[in-house]
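Just below is one structure, and these are the notes that go with it.
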Amino acid sequence: MNARSASAAVMESVEVSAGAGAWQPVCALDDIWPDTGVCVLLDGRQVAVFRLADGSLYALDNHDPHSGANVLSRGIVGDLGGEPVVASPIYKHHYRLRDGVCLEDPGTPLATYAVAARDGLVWLHC
Amino acid sequence: MSTRKQHIVVVGNGMVGHRFVQELLAVHSDLPAAGIELTVLGEEPRPAYDRVHLSSFFSGSSAEDLSLVEPGFYQRPGLTLRLNARVAGIERRRNTLQLADGEVLAYDKLVLATGSYPFVPPVPGSDRPGCHVYRTIEDLEAMQASGATSASGVVVGGGLLGLECAKALRDMGLRTHVVEFAPRLMVVQVDEGGGRILRSKIEELGVQVHTERNTVDITDGATARHRMVFADGSWLETDMIVFSAGIRARDELARQCLLAIGPRGGVAIDGHCRSSDADIYAIGECASWNGQVFGLVAPGYDMARVAAAHLAGSAGVSFSGADLSTKLKLMGVDVASIGDAQGRTAGARACVFTDELKQVYKKLVVSADGKRLLGAVLVGDAAEYGTLLQMMLNGLELPEAPEQLILPAPDGMAKPALGVDALPDGAVLCSCNNVSKGQLCAAIEGGAHTIGELKAATRAGTSCGGCVPLVTQVLKAELARQGVAVNNHLCEHFAHSRQELYHLVRVEGLRSFAELLARHGRGRGCDVCKPTVANILASCWNDFVLKPEHAPLQDSNDYFLGNIQKDGTYSVVPRIPGGEITPDKLIAIGEVAKRYGLYTKITGGQRIDLFGAQAHELPRIWGELIAAGFESGHAYGKSLRTVKSCVGSTWCRYGVQDSVGMAIRLEHRYKGLRAPHKIKFGVSGCTRECAEAQGKDVGVIATERGWNLYVCGNGGMKPRHAELLAADLDEATLVRLIDRFLMFYIRTADRLQRTSTWRDNLEGGLDYLKAVVLDDRLGIAAELEAAMAQVVDSYACEWRAALDDPAARKRLRTFVNSDAGDDNVVFVPERGQIRPATAAEKQMRFKGIAVVPETV
Ligand SMILES: Cc1cc2nc3c(=O)[nH]c(=O)nc-3n(C[C@H](O)[C@H](O)[C@H](O)COP(=O)(O)OP(=O)(O)OC[C@H]3O[C@@H](n4cnc5c(N)ncnc54)[C@H](O)[C@@H]3O)c2cc1C
């Protein structure tokens, strides 16, 4: 067990979807303005991390399969029918932040990742 | 062999002749299958055009704009249109006709739709060069040519057409006179009181009116080309003359072949539009029904429908006369005449309202028992036309105090409109196209839910437009009745339209999305309401869009102050006001493009677009452009884009004003202004219009005396010609009117509604827009100007603001935790520049095959 995952061990209350992988700090919480997203680069993988105004954090693939571009972190977040979503800036497909399902094309959901804030840092489990 | 075809020949391809063909095709869409061969012979050099709007030729419409014939319409089997083909004679015994060039054609059925010709009084000298009539496009071209070498002009005849013609002369910049034989203008439609107000209004506009003048001779003038001598010995000198002294039916063919002729001329017809020869029909202005000829298009259209139905074998429909009520705008003066305007019905009583200060005259003619409306005259304000017309046509019972119908309502409150529910289904609301309330309701039920869709589905309101307010009322009432939720809610978070939200933001002084959502919305918001509200806030308060409370609302374009492209990169467009740029600045753009490996393209708006920048590169690119003297071009915003200009009088030998200077000043004034959608301007230095200003939201065209202002044009998917809002303006007035126009649009348009669609859906149309912007009918002009002043005064270059704000600048990165770029952004070379790689090309690269050119 390395130091990073040890710190992450205290985050058991966070819903963790992935089995293997490790928690890593990726940026300061203040780097993400409320109701926006940022893109994290981790070992060549691009993950969009969103912080909503109520403090909740979500992370999913940055790649928008409908446009083929890595853009989701730059989409507008909001809710549709009470469900938090991000709208792709290219063709405006909506992806559910909870599970990565595309509302217009529910077939292949995006990968989502566990994410949490701790000590002013944002931690990602990849 | 198949059975012999029936050959139908139409003489005349004017408004009514063309409508007849449309009506026949509506019954028999496949002519060969119906055994019909249809030949149309027209004397004019072009297919049917809209004579009703002929005068718009002078305000910029082209012959193509006026055409009523869709391209390809006459290219269908069984149908032949021959232009420049005048029919010279009819041989009824042989069922043949002869063309002017001698060719003989046989017919089975003949339809005469030859219209009228302008009557020119038999005055010596009336055939001098520079004497004109007003009927065809060729007539107008000849008038234009004369006008170019004239300083003054006289219209003989003060009727409806004469006044329209006077306006055309005045618009050409001539000193204009109207000479009328009768004691007042528009004797047919207007009574004495109305005529008086009409005259003073028209004189106010700079047209001199001479009544009770009978021209007896036209000779050489001393100070102008012609001298017109009147019966009382007085005279008037002028450079050109237009006769508009009434029309006469073109019944010469019918007379020559001895068909019955009506008492006032015209081919006598029965209820099926058949002449005294069962094989010959007559429709439109050349026909006489019941001793009457009709000089309006609506009765002609009705005849076209009846004749087509009868020829197709249904004897059930017949022509039964027409209502000749009219409403028009003459030189900006509303004039309407309904039914028995002169009060000729036995026992008729009148109720008159005159306001000589405001120059308004209104008269009701009421039946002897005071229960029904027989007629009305409205001059100076014809807002009640639609309501009164329906009351008269449908014999609705008058209210207790009928005078209330024409008296001004207290406090400028709207008068109770005629409840459209009171109208029977059969009530014809659009008389130009004979559309009843029932037909409108059916179309609404069939899915036409906007005024534009309803117009397209029924043709209602597409000719003179006078019925649009009533048609709109029917639309609203029907939608509500049919339970179609008239849902103009922005999205699930706001049960309000954009217009309402704008109002709330302004009235309650709200400055953030959170405040607005807390007070008037629910949920968190979405990608529809957030950018819309951000845009409204910017229109109202013009705060920096990347402040922490505004940044999350912005579309990616507004957030990164660039235009996102399909691969997620942005394009960067520096402002080049009016399209004018120094060589040094051109070089600077080129250097930046080279340094960052950007693809460059000249845009339609006369500037340069730099493509292929990643988010993290933007601040440095902006910084270099700013250092070279540029600022943001706002190409990313729903905001003013460019003011396109031609080179103008500075260089061009035709230019009459400095269009580039004007364009630059306008661009600097309105740059950064956020609106419901993007806004484009154009400024042309002369009427050649090289800047294509009439295809822009705001078009400015130089004249000898100032600037003409055009609004609501559009190129793109649905081109729309801009309309003239005001003419010959000085710069201060021009700017004031543009301020008001833009702010009125910003205040009332829907989300993502360009000015052209906004205008198409604007109740009251161009007249209403003019009333608001020019005459300040709503009393909001000062408010609109102040709102604009606030935006103009608070302008800041958003690129600079973003660079100067450390927090905002820090957000402009591709990755929050790395300075790297997105390796999914891949370019390949093409024509000496880069372009985004296709998916296949990217795959090759990931297999290790290099396809990226090294950028220097
Ligand atoms: C300036 C202007 C403004 C008007 N404004 C209005 C208005 O606001 N409202 C309204 O209701 N009406 C208005 N009118 C009247 C309206 O234009 C006419 O009622 C309408 O055009 C009549 O249609 P028509 O087909 O009967 O005649 P036209 O449109 O005149 O068509 C007749 C055609 O037949 C052709 N023709 C004639 N003889 C022959 C021949 N022997 N062989 C071959 N071809 C022949 C003519 O060249 C012409 O093209 C206006 C007219 C003018 C000129």
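Each Cβ is built from the backbone N, Cα and C atoms, and glycine gets one as well.
Marked as [4Fe-4S] cluster binding site by TrEMBL: B:CYS646, B:CYS652, B:CYS686, B:CYS690. The 10 Å shell around the Cβ of B:CYS646 ([4Fe-4S] cluster binding site) contains 27 further Cβ atoms across the protein chains shown.
Per TrEMBL, the feature siroheme binding site maps to B:CYS690. The number of other Cβ atoms within 10 Å of the Cβ belonging to B:CYS690 ([4Fe-4S] cluster binding site), over all protein chains shown, comes to 18.
Annotation source TrEMBL lists domain 'FAD/NAD(P)-binding' at B:7-299.
Positions annotated as domain 'NADH-rubredoxin oxidoreductase C-terminal' by TrEMBL: B:325-393.
If you look up TrEMBL, you'll see B:429-476 marked as domain 'BFD-like [2Fe-2S]-binding'.
Positions annotated as domain 'Nitrite/Sulfite reductase ferredoxin-like' by TrEMBL: B:565-627.
Per TrEMBL, domain 'Nitrite/sulphite reductase 4Fe-4S' is recorded for B:637-762.
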Per-region confidence, the domain 'Nitrite/Sulfite reductase ferredoxin-like' (B:565-627) (mean pLDDT, whole number): 97
If you count the other Cβ atoms within 10 Å of each Cβ, which of the binding-site residues B:CYS652, B:CYS686 comes out on top? B:CYS686
For the recorded [4Fe-4S] cluster site formed by B:CYS646, B:CYS652, B:CYS686, B:CYS690, which further same-chain residues have Cβ atoms within 8 Å of the site's Cβ center? B:VAL647, B:GLY648, B:TYR654, B:GLY655, B:SER659, B:SER684, B:GLY685, B:ARG688, B:GLU689, B:ALA691
